[in-house]
Amino acid sequence: MPGGITESGEPYSPFVGLVYMFNLIVGTGALTMPKAFASAGWVVSISLISFLGFMSYMTTTFVIEAMASTNAQLRWKRREQEEVHDSDSTSEYSDDDVVVRGRSELETKPILSVQRSGGHVDHFDIVERVEMGQMASMFFNKVGVNMFYICIIVYLYGDMAIYAAAVPISLMEMACGNHSCSAGSVKYNDTDPCWGSVTRKDAYRVFLSVFILFLAPFTFFNAQKTKYLQILTSLMRWIAFTMMIILALIRIGKDSGKGRPAVASFSGVPNLFGVCVYSFMCQHSLPSVVTPISDKKRVGTLVLVDYTLILVFYVLLSFTAIFCFDSTLLHDMYTLNFTDNCDVLNIPILRYFLGLFPVFTISTNFPIIAVTLRNNWKTLFFRDGGTYPWVVDRIVFPLITLVPPIIVAFFTNNLESLVGITGAYAGTGIQYIVPACLVYYSRRHLEPTVGRDAINKHRSPFRHTFWVGFVLVWAVSCLMFVTANIILTDTKK
């Protein structure tokens, strides 16, 4: 996550990169999308998700272009430093040094000159992984850098609150739900009993406490995602999502679907917007996914293919859901609709697998997001040459990382609202505003160095400045619309 330059990691093929990006984007947000689709209407939903998918694809190409520009800028700065070092160490030189100096004079030519003179080095190659925080530090002023870190910290807080609520909800539903074949038409309240005098809300908080007890300690140390953990969680994700789509299609094919979704309901649009923005989020992790790709000649095509597949996947998952289940009975966590309805799935072990699916996948990601958020806090307050006291470094930062999302999850388990708010505000900043500003300022910084004629092979298809302005105007308009809707909704209440 934001910070400095790191190694690119073990290289992998473009196909593996496509799979990694798919798995990165398709996560928890997809499970909250069916209910958001039902509340907004299917025509409005498919129109909005298609447009937001296009906007996310555009800003993804912006980030990739900025990554290439940053690599070129870093190479140029490194060469300048080497030339200064060489000139300082060769104030007097022999005949042999003349040859060396003649060679170094070629090195002082602009990048464009080297390329035209037959050099084979492509300075826009993405070979060093430069995270968004480092790019912001290079291209933004101090205020811009601080705004970036605040935005990504808020987003990560929302992420943690969503994860902290999703796991206890799944556990509570599995422990307290009526898993008989007649339970599909039952709508539970938080005050309904779970175990004797213990209500469902109490059970949720018990499971939340257990979740925090087991996973919170990782925030005080370092947690690294392993390759095998990625493979396991990815396999479970594919099995679960594919199973849900097929089961819903089978029920619809038998003409047993209970869903009668509205064509359009604009009251559900603000929340759908937030859910869709959250569900297309990948910009903050692109450096980690794109940099290790061994052959980046067609990375733009791969990104387009990925977004197309993801859009089709989301539409298929959500449409089968809203026509399979009664809209009023759709859970915030879509997997739970398969645990209490034997008409759709009557194999107990598979019902428990889907019910507990979020527990396994989300629990493995929570410590990583917590450590990432903690490190972002450290970076935001870091001053050159300074170090943090042990208490601040090991106690204070982990606590300010954990306490806010735990408090939020303790008082609300409304996943649809959590995802909607996180996506609508912090998500808009990370997915739209930051990429647009990065690509705009990276172009301005790079032009004096390489000239206007230099060609960035990874430049966005949306290279005209109009598109940068369009993204920014769209982002501001969305923030105003969502805020106005929230105010009006609260006023009506």
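Placed from the backbone N, Cα and C atoms, the Cβ positions cover glycine too.
Feature annotations, reproduced from TrEMBL:
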- 12-33: transmembrane segment (TRANSMEM)
- 17-68: domain 'Amino acid transporter transmembrane' (DOMAIN)
- 39-68: transmembrane segment (TRANSMEM)
- 134-442: domain 'Amino acid transporter transmembrane' (DOMAIN)
- 139-158: transmembrane segment (TRANSMEM)
- 203-221: transmembrane segment (TRANSMEM)
- 228-250: transmembrane segment (TRANSMEM)
- 262-281: transmembrane segment (TRANSMEM)
- 302-329: transmembrane segment (TRANSMEM)
- 349-373: transmembrane segment (TRANSMEM)
- 394-412: transmembrane segment (TRANSMEM)
- 418-441: transmembrane segment (TRANSMEM)
- 462-488: transmembrane segment (TRANSMEM)
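Here the transmembrane segment (302-329) has long-range neighbours at 14, 17-18, 21-22, 25-26, 30, 33-34, 37-39, 42, 45-46, 49-50, 53, 56-57, 60-61, 64, 184-185, 187, 241, 244-245, 248-249, 251-252, 257-262, 279-280, 293, 337, 341, 344, meaning same-chain residues at least 6 beyond its ends whose C-beta is under 8 angstroms from one of its own. Among 39-68, 139-158, 228-250, 349-373, 228-250 has the largest number of CB pairs under 8 A with the transmembrane segment (12-33).
Contact between the transmembrane segment (394-412) and the transmembrane segment (228-250) is absent: fewer than three CB pairs lie under 8 Å, with pairs separated by 6 or more positions in sequence. Contact between the transmembrane segment (462-488) and the transmembrane segment (39-68) is supported by 3 or more Cβ pairs under 8 Å, counting only residues 6 or more apart in sequence. Against the transmembrane segment (349-373), stretch 203-221 shows more Cβ pairs under 8 Å than any other of 39-68, 203-221, 262-281, 418-441. Note: the stretches the transmembrane segment (418-441) and the transmembrane segment (139-158) are in contact (3+ CB pairs below 8 A, sequence gap of 6 or more). Sequence-distant neighbours of the transmembrane segment (139-158) (same chain, 6+ residues past either end, Cβ-Cβ under 8 Å): 1-2, 66, 132-133, 284, 369, 372-373, 376-377, 379-380, 404-405, 418, 421-422, 425-427, 429-430, 433-434, 437-438, 441-442, 445. The highest tally of CB pairs under 8 A with the transmembrane segment (39-68), across 203-221, 228-250, 262-281, is held by 262-281.
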